[in-house]
Amino acid sequence: MQTTTRTLTQHKRIALVAHDSCKKNLLNWTQKHKEALKPHILYATGTTGHILERETGLSIQSLLSGPMGGDQQLGGLIAEKKIDMMIFFWXPMNAAPHEPDVKALMRIATVWNIPVAINQSSADFLLTSVLFEQDVEIDVPDYEGYLKERLA
């Protein structure tokens, strides 16, 4: 598939997601980085978003809870180029009932080439990268070209 470029602006649209056993870790991380996150547009799956907004005072656009379709909503936003990066603290030792949705979300994030952090260390690296505060060009699938090929 051909690619084209997309600009992630200096004001990022960031998805915050955590499995139940990781919500406290994501809350602690978010509190630690509250000032760095303030200028950005924050999205989260339902329960996580409500906890983060209540405990940090940050403005968070909460979607549905992950098992109720929130993971799929985030995937749709990524495919529509409305999410620039994702912080997803997940529990690798526990199977989630909505594991297929989680796998699909990670696949879409990979297809659309957005930066993804899956634990505190990788989230710290993303947030402290010099690229975080800049406009950044990334390669993404050329969907228009893909569609033309399929319809030819």
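Each Cβ is built from the backbone N, Cα and C atoms, and glycine gets one as well.
Assigned with DSSP, the residues of the domain 'MGS-like' (6-152) fall into helix, strand and coil as follows: 76 helix, 29 strand, 42 coil. The domain 'MGS-like' annotation in Swiss-Prot covers 6-152, and the record cites sequence analysis as its basis.
If you look up Swiss-Prot, you'll see H19, K23, T45, G46, T47, T48, S65, G66, H98 marked as substrate binding site. Listed in sequence order, the residues of the same chain lying 6 or more apart from S65 (substrate binding site) and placing their CB within less than 8 Å of its CB are T45, G46, T47.
Annotation for D71 (active site, proton donor/acceptor): spatial neighbours V17, T45, H98, D101, V102, A104, L105, criterion Cβ-Cβ under 8 Å with sequence separation of six or more. Here Swiss-Prot flags D71 as active site, proton donor/acceptor.
With H19, K23, T45, G46, T47, T48, S65, G66, H98 listed as the residues that bind substrate, the site has a largest C-alpha separation of 16 Å. Burial estimate for the binding-site residues (T45, T47): highest at T45, by number of other CB atoms within 10 Å. Its own atom aside, the Cβ of H98 (substrate binding site) has 19 Cβ atoms within 10 angstroms in the protein chains shown.
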